Structure formats: C-alpha cells, structure tokens
Amino acid sequence: MAKYVIGSAWPYVQTVPHLGNMIGSVLSADVYARYLRLKGHEVVFVSGSDVHGTPVEVEAIQLGVDPAEYSMKMHAIVAELFKKWNISFDLYTHTHSETHIKFVQDFYLKIYENGYIFTKEDEVPYCPRDKIYLPDRFIIGKCPYCGYERARGDQCENCGRLLDPKQLIEPKCAVCGSKPEWRITKHWYLDLRRLEDRIRKYVEENPHLPPNAKEMSLAMLKEGLRPRAVTRDNKWGIPAPFPGAEGKTIYVWFEAVLGYISAVVEYFKKIGREEEWKRFWLDPETKVVFFVGKDNVPFHVIILPALLLANGGGYVMPTTTASTEYLLYEGDKFSKSRRWGVWIDEALQLLPADYWRFVLIYIRPENRDTNFSWSTALEIINKVLNDDVGNYANRVLSFIKNRMGGAVPPRGKPSRDDEEFIEKVKRLFEKAEAHYEAIELKDAVHTVVEIAREGNKYLNARAPWDLVKKDVDAANAVMYHAYWSLKFLAVGLAPAIPESAEQLWKMMGLDAPLTWEEAKRPPAVGKALGEVRPLFRKITEEEVKALLAKLEELRNQKYSRKYPWEQVVI
C-alpha cells in the first residue's frame, strides 16, 4: 500500500468558509482521503487555519481587537464546523502553533544559507494617516490585467494573477481608504529566477496536474518568474529569521504553504511518533496531493515547489494539485457583503451534512465553473439521493425483512439475468474506482449512483414479489444479488456521504469494516439485517421557501452582532 499526504488549502479565519470554499478544497480533499483509506492506503490528511498576515490584521484593526485573540477564536469555530461536516482530518491546526513557527523559521534559514535569499531596498506603500506600511491586503486597487476594482496588493482574486502593490491602479489603504505614499524599506527576496528551469521541468513533465493548474502555471512561466519578497512590514506573523531582519515577518502565503509539512510534523509529535513525519515527506515514493481552488494554483504549483527545491532538504515534490474551477451561487459569485451564498455554519442549520456533501460533490466544478441553485439541489436530493439511492436500498432491505425472514437469503442457482446484473454492478464499481483514482470525484459519485439505478431496473424486471409466490429459490437468488449490490453502493458512496453509508451498512447487519475489498466479498447467507428505515427524505418546494426564510432570519440575527465569532451559528 502507498503512503499519501493529503492537504486542503488553509482557510483564512476572518470568516467561516462558504459552500464554494468547501467544494474547492476541504470537502474534495476529505472525499479523496476517505477513498484512499477504504483502499487500505496509509493516509495523513492535514490542514489548518491561516491565522497570520494582512487579512486578519486588517480586520482586527478595524474592530479594535488583538489579532491573536481574533484568530484563535475564529480558528476554534472553524475547526468545530469542519467536525460537524464530518471532515476526517488527522490534524486540523493553525499557523500560529509553536511547531509551525519553528519549522518555518528553520526552513527559511536553510534557504538563506543556500544562497536563494537576497536583500533589496524597494519603494513600498505607506499610509500616513494610520502610520502603517500597506503590504498585501492592506492595499487595494484596480487590477492591471482584468480591471477588477478591489484587487489586493499581492493577488487579484478575480483573475488569480500574482501582483505587486505598484501594479495596482488607483491604490488606497484598505483600513481608511487614504491614498498611500511610497517609502523606501529593505526586504528579503526569494530568487525565483534561479529556480525557474527546474520549476518548468516539474510542471511540464507532471502528468497528474489538471488542465487548469498546468495552463495557469505554464502561462506564468512563459512570462518569466520574478524574485518575490518573502518578508513584510506587518506585525502579525512569523518573525523573519534572517540576520538584520528584526521587525519583519514572513509573508503569509510563503509560510502558510509550508503548513502541509509542519502539520505532518505536529501530527506525529502529538501521537508520540515524532520522527515518523520523515517517513512521509522525505520519501520520494510518498504521494502528496493538494486540493485548492484555481485562485490558489500559483502558490501550490510554483511557489511551494520552488521553496522545496531552494531548501534542498530532500522533500518529496507534490504529486499533483487538484484544482477546481469556481462554484457560483444562483448564477453569481459568493459575496458576504451582499449576503449572496450559503456559509457552512448556515448550511447545517438547514439540511443534514450528508445532503450538502452529496449535492456539492455531484456538481463539483472539475472542468468549468458550475452553479449551485436551490432548484438543482432539490432535484439532486429528491431524484438522485432519495429516489435512486435511498429508495433502492429501502426496497431491497424491506423486502428481505418482511418477506424473507429478515436475513440474507441463499444464493441458490442464479439465472443469467442475476449473473449479468452483478457483473454489471462490478464493472460500475471498477469504473467508479478509476474515477476516484484520477480525482474525478464528481464522475465517481455519478457512476456509483448508476449501481442503484441498475438495481431498481433489475428489481422491476425480475419482480421478486411475484417470484416468491411461485419459485422461492429464484426469488432468493434475486434478493441475494440485490443485497450484494448494496455493499458496492454503500462502499462506493462512503467517501462522499460517510454517515449515510455507515447507516446503510448497519441496516444490512454487516459487522465487517466498511472497506473497498469488503464490497467485493459475496454476502454471508443467513446474516440477520439490522433495523431498516429510510435513509433519506424528499424536500418539497415549500420547505425550500421555509429554509430560505430561516436563512434570512439567521442572517438578521448574525449580522446584528459586532464580532465575527459572534456571527457564526453552531
């Protein structure tokens, strides 16, 4: 079995993630990590809250609170919400942990010693009113590439391009809105030019990168990589370890991406196996997979590999960065200021976690932007989750419970139809496996659902309710194979809807662990079923209207409160 490090993009903690953030990184990573565990692989799945840098510091200044207090309160809330979403992190940490701070400082000192860091004096924006330098999100303006009006000093969130504050058109202070002045300051730079050829080779020869990640990265490389400042003048962050860099901090993106390593270090430290992190990150056979939205591609496909190469510590290069396109909400971008979208705390007040997980994976934006709409969600829940999956499971188990003594019937002598059905189920299961392996999670789930659809057609064609009256052996064979197909269905859907899959497993009376191989094992004849009940229920249009009214009421309560940690519903 293989070793995997799975990482999902580290969310900023100035607010909780929305549905688009979830499917773009955390939920997708969880589905893949769960699949790998079902296959028996050794998996360490990590992430954490990105608590440093300008996003938190700007918000804290505006609210008049300490950035550390702000970020730790929000981190605890986000961590709890991920648990409620059944995200199976081995460790969810934060970038202010002692382990991360020490790791980052030691890592950058090594890069400095290797000669990849140089100093340069540069003009940087400064707000004379607030008497602060304006790195990254402290300064906003118009993007020179796409014209987006609120591009940040380090990156445009609209087009994803990395920026320098000097490139912004009509820049202003994000705190007070004043026009900045420019002052000379010294910063420490990573010399990306010296790493460019090796990064190009990594990108061009990587067969695992999705098209959007490869195309975006090659476009950046075609323009040529420029040195990037790894230090900032803001106070809230990891102190820069370089000689003479007192008062400087490490740029948040250049330290947060190292969290995928430091979190693995911290995880093994917590379980008393301190040196075992090396068995993952220092082994060239380890597969390292990141899950991010496409706006995070540059830092994962260009910057992090560059840092690993510059450090020279023998770290394994990332296998791939599974980057999604954007999820829209009712045809438009998510926007907290416009109250447009659903955030993960609100979602759980409306529907169970597995409903959300299934819908989001079912429409995952793998190759193009996709749209979440309540009408689409209603159709997926009612027709796919309830009618196809839930109804099939209930038909099979209720019939065995009520007409066959509540235990798995003998296989008997299956007909050609019975054998063809289970072979078709096995082929679908293998096809779903191939999709999971390729991180085509949407296609994987769509394929597993086909098992339920084929099962419903099989029951309708074989009509065991008639067979049982005239040929008990034939009826037994039908229901034996239908029961077996539920094993494939439960295991195939377990990465996406783990709670429901476990419920189905228990209803089937199965004691064996739910694993990929267990699905393939023929059922034990005579195995008593557990309590049989419907897995899902339909949602009416009237209920959706009531849910949206509840959502608006929740928001009126949330946004009447001052502090972000008071605006979260748990």
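Cβ coordinates come from backbone N, Cα and C, glycine included.
The model shown is predicted, which means the values in this text are computed figures rather than measured ones.
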From 11-21, 154-164, 242-252, 418-428, the residue range that Swiss-Prot assigns the feature motif ''HIGH' region':
11-21
Using Swiss-Prot as the reference, determine which range in 48-52, 98-102, 333-337, 518-522 is annotated motif ''KMSKS' region'.
333-337
Just the number: how many Å between the Cα atoms of Cys156 (Zn(2+) binding site) and Lys336 (ATP binding site)?
18
Out of Cys143, Cys146, Cys159, which of these binding-site residues shows the lowest number of other CB atoms within 10 Å of its CB?
Cys146
Other CB atoms within 10 A, centred on Lys336 (ATP binding site)
14
In three-state terms from DSSP, label Cys143 (Zn(2+) binding site) for me.
coil
Residues other than Cys143, Cys146, Cys156, Cys159 within 8 Å, Cβ to Cβ centroid, of the Zn(2+) site?
Pro144, Tyr145, Gly147, Tyr148, Ala151, Glu157, Asn158, Gly160, Arg161
Counts of helix, strand and coil residues, the motif ''KMSKS' region' (333-337), according to DSSP:
0 helix, 1 strand, 4 coil
